[in-house]
Amino acid sequence: MRTATYFFIFLNLSLALFEEPAVYPLPFLATSVLEVLCLLVFLGRLTHFAKVTLHNVFWKDTKNICIVVAVVLSLTDLAIYGVLRLYGVSAVRWSRIVRPIFLINFAESRQIRRAFRSIRNTLPEITYVFLLFMFSLLMFSLMALKLFGERNLQTAEGLPYFRNYLEIVFDLYVLVTAANSPDVMMPAFDFSSWYALFFIAFVIVNTYIFMSLFLAVVYNNYKKHLKVMPGGACD
């Protein structure tokens, strides 16, 4: 039962590769039949679980309610999408986003739920570090606008350089990953080599300090929540 459940969960998630817009497109009828088959298996598994569980206990379990809601939404969306296709109306399968619910909420997925719960509990505790990082990014972007915005610099493609604040924020955010280094700094460096100090300071503060701090906070808090079971018991 566990192997069959995991197989159909994997099959259900894999349908995204074959549904429009798809990497390997298959006919709508083929993907629809496979999805209905997966949903019937999920309902059968849930029905089997309900037979061996007290009625009031079964419906008090949020996991079971989530699975039922996900099945109903998927079938409703599939029916609506099929009708719209018959009339030639363009539509999007919005119910795809609920498919991971099946992976998380079945009884066999206890370890996945623990990991998901640890991630959820970790997020509020890393918010402060993330806000500090965003504040640093916004301040550096404002300084870049003041330093370079009035000098009429241009990129190698002839486009305005660091004159729009939102574009500066995005370029410096990418610079944190070093994906656009050193291209993003070359127009300023060509104008004056002293401007390299601005980018060096930005990389030191945001890439080496904030990213290391962010990683440490995420790791320590996730490890702490992963060790502690619900109710305070430890593994």
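One is the number of the first residue shown, and numbering goes on along the chain from there.
Including glycine, each Cβ sits where the backbone N, Cα and C put it.
Because TrEMBL annotations are produced automatically, they should be read as predictions rather than curated entries.
Per TrEMBL, the features are as follows:
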type     : residues : note
DOMAIN   : 6-224    : domain 'Ion transport'
SIGNAL   : 1-16     : signal peptide
TRANSMEM : 26-44    : transmembrane segment
TRANSMEM : 65-84    : transmembrane segment
TRANSMEM : 126-145  : transmembrane segment
TRANSMEM : 165-182  : transmembrane segment
TRANSMEM : 194-219  : transmembrane segment
Chain residues in Cβ proximity to the transmembrane segment (126-145) (below 8 Å; excluding those fewer than six residues from its ends, i.e. six or more beyond):
162-163, 165, 168-169, 172-173, 176, 198, 202, 205-206, 210, 213-214, 217-218, 221
Summarise the model confidence on the domain 'Ion transport' (6-224) as a single mean pLDDT, whole number.
87
With Cβ-Cβ distances below 8 Å as the criterion, list the same-chain residues six or more beyond the ends of the transmembrane segment (194-219) that contact it, or say none.
122, 125-126, 129-130, 132-133, 136-137, 140, 143-144, 147-148, 172, 175-178, 181, 184-185, 188
